[in-house]
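What TrEMBL says about this one:
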- 47-161: domain 'DOMON' (DOMAIN)
- 169-368: domain 'Cytochrome b561' (DOMAIN)
- 206-226: transmembrane segment (TRANSMEM)
- 207, 243, 277, 313: heme b binding site (BINDING)
- 238-259: transmembrane segment (TRANSMEM)
- 279-297: transmembrane segment (TRANSMEM)
- 309-329: transmembrane segment (TRANSMEM)
- 341-362: transmembrane segment (TRANSMEM)
């Protein structure tokens, strides 16, 4: 019995080992159908892709084959080198896709903006022997590149995305999408590959977190506290300062930091426009600025202008609250955020709405009943005192 168990465990471990080897080096055993042979290859970490190449140090030329597997629908694929940076802008791409008539397009495309449609154009270095294949659920791009300078290490990117008729469309840009992780540095001489992450992706996440915490959480909490102060007619300075702290902190995080990162992202993303999100962000910043600095010139309670200020404060606060929550969901949609984050944020908002509803119930029904019962109790006590006094007389 013990030997059988040991034998089964050994088979299982051997299977796991061979599976790991197969997953780590599938490109090394791949055979090209056109009898092409490449001495080096690298399995890219995302998008089911691999890169094969022959590097010629003397001429600084490299013959490459970019392979994308698991193709079950009509899509475009691209492989690019960026001579100037590690990001998308400035990359020199080779693109291929299947046209509506079934023919295969393959061409070069320099990337100059995030809103590119992968238009055809010349690259900053010579490209020859350009071809592509699409068969057996995989697409392959072949090309020969003449690199500038005596360098073997390059920044490279690879992508895949949907098609609309004969036009390549935008790929996924969600923070958890593999499309934002498809970049790295590659040494053609040693074969060493190092994955990198776009700095703009990290900045987008920071921008989203700042605005979600400020406009989406702190601002509604401040509104709930303000409703408490109004309904209960509380003069407790602790709640007042807590309300002011929430609003000021929300303005610092969202109005200054969040708005600033949004402006910076806009300048770094030419060609990528999110007009609705941007306009709402500008309106939010203006309303929040008016709210914060308007509190410094608030009229006295006896001033004839105080009612106008109160109405402005109320309307500006409601507008900021509604637009802020709407823009948070708009940001989730733009970043293709996972459903977990939408549900978690929705849970926070629903909790705050429930607290507000309970406050309304308490102040509209519970407190009036308590106040109505207090005069009756006072009258009874007064009558008792008078009766006692009369008996005494």
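Backbone N, Cα and C define each Cβ position, glycine as well.
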What else in the chain is close to the transmembrane segment (341-362), if you only count residues 6 or more beyond its ends and a Cβ gap under 8 Å?
212, 216-217, 220-221, 223-224, 227-228, 231, 325, 328-329, 332
DSSP on the domain 'DOMON' (47-161): how many residues come out helix, how many strand, how many coil?
0 helix, 66 strand, 49 coil
Residue among binding-site residues 207, 243, 313 with least C-beta crowding, 10 angstrom cut-off:
313
Record lists 207, 243, 277, 313 as binding heme b; longest Cα-Cα distance in Å?
27
Counting only residues 6+ apart in the same chain, whose Cβ is under 8 Å from the Cβ of residue 277 (heme b binding site)?
327, 330, 331, 334
